[in-house]
Amino acid sequence: MTDLADPPRTRSRSVHLRVPGAVDVRVLRRSLVTVVVVALATAALVVYQLTTGDFPLELERVWATLSGRGTLGEEFIVYDLRLPRILTAVLAGAAFGASGAVYQSVTRNPLGSPDIIGFTFGAAFGAIFAIVILDGSGWTVTVGALAGGLGVAVLVYALAYRGGGVQGYRLILVGIGVSAVLASLISYLILKANILDAQEAYVWLTGSLNNRGWDDVRIGVVGLALLAPVLVALGPGLRMTEMGDDAARALGVTVERHRIAALGFGAALCAVAVLCAGPVTFVALAAPQIARRLTGSPTVQVVPSLVVGALLLLASDTAAQKLVPTADLPVGIMTLGLGGAYLAWLIAREGRTRIG
Amino acid sequence: MTTLPDHPDHPDHPDHPDHPDHPGQSRPPRTHEDAVLVGDGLHLKYESVVVAEDLHVQVPRGSLTMIIGPNGCGKSTLLKALARMLKPDQGTVLLDGSDIHGESTKAVARRLGLLPQSPVAPDGIAVADLVSRGRYPYQKLLRQWSRDDELIVNEAMAATGVSEFAQRGVDELSGGERQRVWLAMVLAQQTGTLLLDEPTTYLDLAHQIDVLELCRSVRESRDMTIVVVMHELNLAVRYADHLIVMRGGRVQAVGAPEHVVTEELIERTFGLPCRIIPDPETGKPMIVPRLRSALRGAGVEAEVGAGLAGAS
């Protein structure tokens, strides 16, 4: 119970980010603290990853290498082996987290994330199609993954569309159906492929951060820089739709336009993440929900989900490397294990709250 | 037939296009000079079922207007059309003389508010945060919140008596308290006109009265126009100063309750035989449904009486 004798101090839970005359944004204090703490934890993990591994490096040597005073060997370790992999993990995790937040907000359902709805597999299907059928590599695969992700987004939206709009539950059910079809198509493509293509495709499917290079980092940077601000800008309108479409419209939200924009840009960002790291499951699903619990916010938010996603994928990759150092375990296997357990817990919990 | 008021200052003259006796529905409608919200020649469909054809309604400025009618008469659909939630197949909705589909929805939201029938409070949201959402139409991407917004939100919470719950979760509150929080949210929107879709449904009588008293007091203190879709006839009669009575997608009567509410109108509109007696509190009409058994009993007695008379 709140103490009624104490005069209520409203807004005490929020802080203002201000640039006089230009910016005045109100955020929950706890959200801000969460973002800062998670970002610091991510930075600490980046440092840990840079300094440890088969060839441990002192922090001071890493710094020397980064400022151009390293030996050839140190430069190879930092610039070719560690940094691309770490940055790819951070960028792809952030992209997965942000796109997951947007999707869960649109569907108003914690299960409504791109990996459940089938977009992750849409992008993977596009990439594998490009590898196996078009015999492509490099940009062909990139375009294939983007086209696959967006194509599935359009398909799921069109199939779920009814009576002037789309309901979250329909989107999820249609998405699960489309995922099943995609899974069978992917199996077919792999069976048809020659052994080398099949191997490349298989690495694509699990999602791995092994052998990531600066190309992956560039895709992640450009994708996030272009798409994340759009998703952040859509946030306030999407939050209104959580009160029901009519209430949101009455407040001046163009509900259907917001929804299509969110799904389109969210799918694009998800495709970017898949391009960087492969169809890693679990991050888009769990990051928004973990962020929501950390911030104590009633709703899913883009920015906290983004930083939690970055930390989550980097932590999963760190764990995959350190727990089984000899196996070069793909991070996708790690997140799949975590994701399965999380999903079971989530569904069990959802079931209980729905009934109780 | 209902006789409509003959007040010179009243929007409901007998030759008003909304009048049921008025034959010239194709005639260009006359807009009352002080109607804030006008539905003009509306053809409304809800999920491809025709709800109303060529419907004309006007909401006088500064009134507390209530729309009543039996289930399925189209009153909620009409409200949705007036609030631009539903685009009419034909006809226009004019707010202060301009088409509400002609300007950006955010610009309309600064002048016209709506509280839908069952809005959803996001899980665990605090009262103050929900009320703050009423400021959405005024927010820009980088300028979301100002000192003014804060004052307006606090004032809206004070006006509806929810300040003391400001930091509590909406889901911890009772139904009546929750409804006042929603009202605070739409008041924070600071619109001149406010539409409420059955705001008293699911509330007990005392809380229904609370909500309606609140509507009346904010209407007066803020000089607003409020339109309410109502189920409870006697409460509508007591609180409305302008009634729109609908049946089957048509307007049956419009005007001040004391002028339009008659036994005949209620029987014709709701199929409810009733007596109208003056409300001992307000002197306004009070609808007292007749006892079905008494009606039947009266009929039987009459028949028996006639039979006896014939036998003797």
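Just so you know, glycine gets a Cβ as well, placed from its N, Cα and C.
Note that the structure is a prediction, hence the values are computed from the model and not measured.
Annotated features, as they stand in TrEMBL:
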type	residues	note
TRANSMEM	A:32-51	transmembrane segment
TRANSMEM	A:86-104	transmembrane segment
TRANSMEM	A:116-133	transmembrane segment
TRANSMEM	A:139-159	transmembrane segment
TRANSMEM	A:171-191	transmembrane segment
TRANSMEM	A:219-239	transmembrane segment
TRANSMEM	A:260-287	transmembrane segment
TRANSMEM	A:299-315	transmembrane segment
TRANSMEM	A:327-348	transmembrane segment
### Of A:32-51, A:86-104, A:260-287, A:299-315, whichever stretch has the most CB pairs under 8 A to the transmembrane segment (A:139-159)
A:260-287
### Query
To the transmembrane segment (A:327-348), which of A:86-104, A:116-133, A:260-287, A:299-315 is linked by the most Cβ pairs under 8 Å?
A:260-287
### Query
Hey, which of A:32-51, A:86-104, A:116-133, A:171-191, A:219-239 has the most Cβ-Cβ pairs under 8 Å against the transmembrane segment (A:260-287)?
A:86-104
#### Entry: Top Cβ-contact partner of the transmembrane segment (A:116-133) among A:32-51, A:171-191, A:219-239 (pairs under 8 Å)
A:171-191
### Task
May I ask for the residues of the chain that lie six or more residues beyond the transmembrane segment (A:86-104) and have a Cβ under 8 Å from a Cβ within it?
42, 46, 49-50, 110, 112-115, 117, 209, 212, 216-217, 220-221, 223-224, 227-228, 231, 234, 238, 262-263, 265-267, 269-270, 272-273, 276-277, 280, 283-289, 291, 300-302, 305-314, 317, 331
### Summary
Per the Cβ under 8 Å criterion, with at least 6 residues separating them from its ends, the transmembrane segment (A:219-239) contacts 87-88, 91-92, 94-95, 98-99, 101-102, 105-106, 142, 248, 253-254, 258-259, 261-262, 265-266, 268-269, 272-273, 275-276, 299, 301-303, 306
